[in-house]
C-alpha cells in the first residue's frame, strides 16, 4: 500500500512539472513616458470542452488582477452535429445547435480597462480558446504596467490544471522593442510612412483585443467598409467598438482604427486582410488534417428568429480562435464556436463576425536606438580575474574566447552591467562587446597583486612598503634589477663578505681536490718508473709462490720471506703456503697498502707550498676596503642594468622606446619603402632628409597613412525572416475545391495543391458516402514569421586610406584607393594591392546591430528562391513581401475508410535554421565606426584581417637650399596626465601645443622623460592652440613625462600614478593600432645614467621617507658587520 502511495506521489509530481509553462515578458531597462504596458502570452495543450468552460484564471503575483475579469460573461455557443436521420446522407447532413454559455476570465475586455489597470498598478490576465467539437487549447494573455519590472522578477499564474511561471526579462533596449537583435522605436506619425527613405521599417508582432463600446466615434464597420471599398448599408446599426493593441509586447495602448496614427492604420489593415491572424498550433502540430463538413448558418443569439452568421464546420486540430463578435448587431453579441470557423471575411457585408483577439505581424516605420560603446573593467580575483562591462544604452552582445560570460544580466540605473569571470590571467583578456574589441592587459593585474602582497607583509610602514613595492613589482628583468639594487644598497656590507666567504669555501674545496689529484697522479708515475727500472735490471717483481705483482723492492723481499713460511707479508697472519689460499687472504687483508703508504711518505712532501689554495686561504674578505670597493662597483653596475631594463615591452612591435630626436637619412639615392600594412593599423613615418654634400642642410619629412576604410555600394535587400512551414490537409466530401475559404488563405506565404473529385470508397472516411464528389486540398503556408536579420548585396566595394605628407612647409593630403597613387613633387605613395575577403556580388547579412559585424554569403538567392535557401523569405523595404517557392512534390495518401492525408517530399526546414546549423562554415567580419544608408555602408575593420601592399618613394632630387628653412614654430606645455607608469595599460598625457608662423603643420608629439620617449601621436596642427593626447607605456617612479617635439620638450613634466589595485580598463583595438617609425636612436649608456639619476631624484623629491628607511637599513647592516666581522687589532711589537 505504501509503495502505491509513493508511486502516486511521484507520478503526481511528474504530472505537475509537465503542466508548468513559462511566460517570458521582455521589457526595456528604462521606463519611458506615457502609459506603457508590457504583454505576453502562453499556449497550452488541449483540454476537454467541458473543462475549458469551467476555467478561471488565478494569480499569485503581488499585483491585483483587474476585478472586471472576475465577472461572468455570457456568449452564444454554437456547435454542430450530425443529423439523426442518416438514411440519405448528403452535404447538408449536419446541423448547428445554439445555446448560451458563461465564461469567467475570457478575454472580453471592457472600455478603459487597460488604462485603469495602468493607473491602479493592476494586471490584466485573461484567456482565449481554440476549440474543435471535443477539446480546446487555451492561450493565456497578460498585460501589466511597465512598472511591474521594478516590483517583481517573477510570479505564478494558474489556469485549470496549468501553471504559468511569469518571468520578466529586461532587454538591453532603453525604451525600444527588441527585434532582429536591435532596439526599434516605432513612430506613429503618418508622415514617416510617406517618407520611408528617412526611416527604418521593421516587422513587429502585435496583440489586439476587441473592446465593445457604443458611440458615434466607435463605428468600426463604417471604417472597415471605407477601407475595403465595399458598399454596405445600415452600418450605423452594426457592431461598435475598437481594438486596443500592444505592439511588440511593449508599448502604450494603440487604438484601431485611428486615422492619425500610422501604427493603428497598419494594425487595422492587418486585421482586415488576415482576420484569423497567427495560428495556435503547438510544436508538432505543423502537419495536421481537417475534415470540412460544410458551411452552415446560425442564430446569434439563439433567441433571434433569423440566422445571421455563416460558419464552416470542421473536425481536426483546432488552430484558430473560437471566439468572435457578431458584426451585424450593435449590442455586442459575443460568439463561442467550437468546431466552427466563423466567417471573418469583411469583403461581404452580411453574416460575418470580427475576431475578438488578433495576433500577427505588422510593418512599422521608426528608428533604431543607437548602439553605445562598452566600458570593460577587470580586477584580480583569486587565480583569475573578475570583470564587469558597462554600456550606457545597454549591451546587445558580449562574448569572450577566454572568459565565462553569463547570459543572466542585471541593470544599474540607465546602464546595463554584466559581470563575468576570466579563469586565466597568463594572457591578455579579449572581450567583444557591442561590436568593439576590448583588450584588458593582465600584466597590470599581476603587478597590482604583487604590490598588495608586499604591502601586506610590511604593513607597519604601509607608505614606505607601497613605494618599494611599486619598484619591485615591475614585471621582467627590471623588477629583479630593482630588487638587486635595493638589497645591495641596504645589506651589501653584510652580504658581500658573506657571499665572498661562501665563494672562497667553494673555490678552496675545488682547489684541494685538484691538489690531491695531482699528488696521486705524480706518485703513480714514480711507482711506474721504479717498476720499469727494476724489471730492466733485476727481473720480474711477481712473487713466485702467491703470484702477486709487487710495487716496490721492499714489498717483494717481504713476499719472499713470508710466503715460504705460510705467513701474510702484510699482516703476518698464518695461512697455507699455496697460491689459492694466500690470494684469498689478500682479498680480506686490511694491510695490503702498507708498503705503498711508506713509499708515499718518503717521496711526497707533507706541507703544501705556495699556490692557489694558499692564496685563497689568505684572501682578506673581511677587509673594509674590499667591501667598499665591491659595494660601490655593484651599485654602479646594477644601476646601469636597472636603467637599461626600464622600458616596457610593447604588446606588438608598434612602438619601440627610444631616445629623443628624429632619425636622419642622407639622400644619396631615392628613398623607397615597401611593406604590408594591416587594415586596422595607422602608419607614421618621420625623418630628416639630409643633403649628402652638406650635412647641415636637411628637410623634414612626415608621412601619415590612416587605417583602411571600407566603403561598399549596396542594394538593400530587406529583412530576412525565419518561419515555420505548415502542411495541412483539408478534406470535404461534397463540392469543388473553390467552394471553401481556408484560414491559411490569409497567410502571407501559402501554396495549395487540390485533388478535386477524386474521392472514392478507397479514399474516403466512413462518414462520406460520396464518390467523385469532394475535394482534398493540400495547403502549405508559413507562420510564426520572425525577422532575424538585414541583408545587403554588394554592388561595388572600395578600400581607401587617407594619406598626408608634410615635406618641409608643404602640407598635402589625399584619400587613395586600391591600385591608386598619391603623387607630389617629391613623394609618391601607392596602394599596390589589397588582400580582401569581400567581392562584388557578395551578400552581407547582419544578424543584429550592424556594429556587431555580419556574415558574408557568396550564394544568396534573389530571384528564384526555394524554401530553405539563404534569403528564402524576404521583406523588402519598399516592395511586397517575397515568398519562396516550394519545389517538392505532393502526394495524396489514401487508405480504405480513412480520411486522405497529404504528403510533401520537399524541404521543411527554413533557410535561417539551416544557416544556424552550419554557421561556422561561413566567413564573418567585424565592424567599427560603421555608417550606413540603404545605398552605402562604410566601416573599418578592427581585427586587421585585410592587408594593403604600400609602396613609398621619395625622390633624391631635393632643393635643399630653398627647403631647408621651416618657418613653423611649435610651443609645448604638459597639461594633464592619466594612468600609471610602468603598467601594461600605460598613461595618457594631454599636451597644449601652439603653432605659429604657418597655417597647418603635420608633425608628431612625443611623451618623454629625461632619457626616453614612450609614445607619440601624429597630428595635424592648426594655427593657434591645439590639444594633443598621447598614450604611452613604460617609465619608472621618477619619470617626469613631458611633451616633446623633436629634441625640444615642455619646460615642466608631470608624474603618472603608480601601478595599483584599481580596476583595469579595456583598450579599444582601433585606438591602439598604429605603427610609428621616426628613426630615433636607441637608449645608450648616457641615457641609462640619466634614467638612473632621474629615478633617484624622483625618490628624493617624492616619498623621501623611503630614502631614510633605506639609509637606516644600511646603518643596521654596518653595525651587524662590525659584530660579525670585527676589525682585527694589531699589537705593537
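Backbone N, Cα and C define each Cβ position, glycine as well.
Swiss-Prot lists region 'Binding to the ribonucleoprotein' for one of the ranges 586-603, 640-657, 658-675, namely 586-603. Membrane topology from Swiss-Prot places residue 436 and residue 1126 on either side, one opposite the other. Range 514-531 is the one annotated as region 'Binding to the ribonucleoprotein', of 478-495, 496-513, 514-531, 532-549 (source: Swiss-Prot). Among the residue ranges 414-435, 436-457, 568-589, the one that Swiss-Prot annotates as zinc finger is 568-589. If you measure from the Cα atom of residue 1013 (disulfide bond) to that of residue 1044 (disulfide bond), you get 9 Å. Here the Cβ of residue 737 (disulfide bond) has 18 other Cβ atoms within 10 Å, regardless of which shown protein chain they belong to. The DSSP breakdown of the zinc finger (568-589) into helical (H, G, I), extended (E, B) and coil residues amounts to 8 helix, 1 strand, 13 coil. The two recorded residues, residue 768 (disulfide bond) and residue 1008 (disulfide bond), have Cα atoms 96 Å apart.
In the structure shown, the C-beta of 378 has more C-beta neighbours within 10 angstroms than that of any other entry among the disulfide-bonded residues 378, 883, 902, 1083. Here the disulfide-bonded residues are 208, 450, 830, and the one ringed by the most other CB atoms within 10 angstroms is 208. Across the fold, the C-alpha of residue 733 (disulfide bond) and the C-alpha of residue 1044 (disulfide bond) stand 94 Å from each other. Comparing CA positions across the disulfide-bonded residues 473, 775, 830, 1044, the one lying closest to residue 763 (disulfide bond) turns out to be 775. In the three-state DSSP scheme, residue 737 (disulfide bond) is classed as helix.
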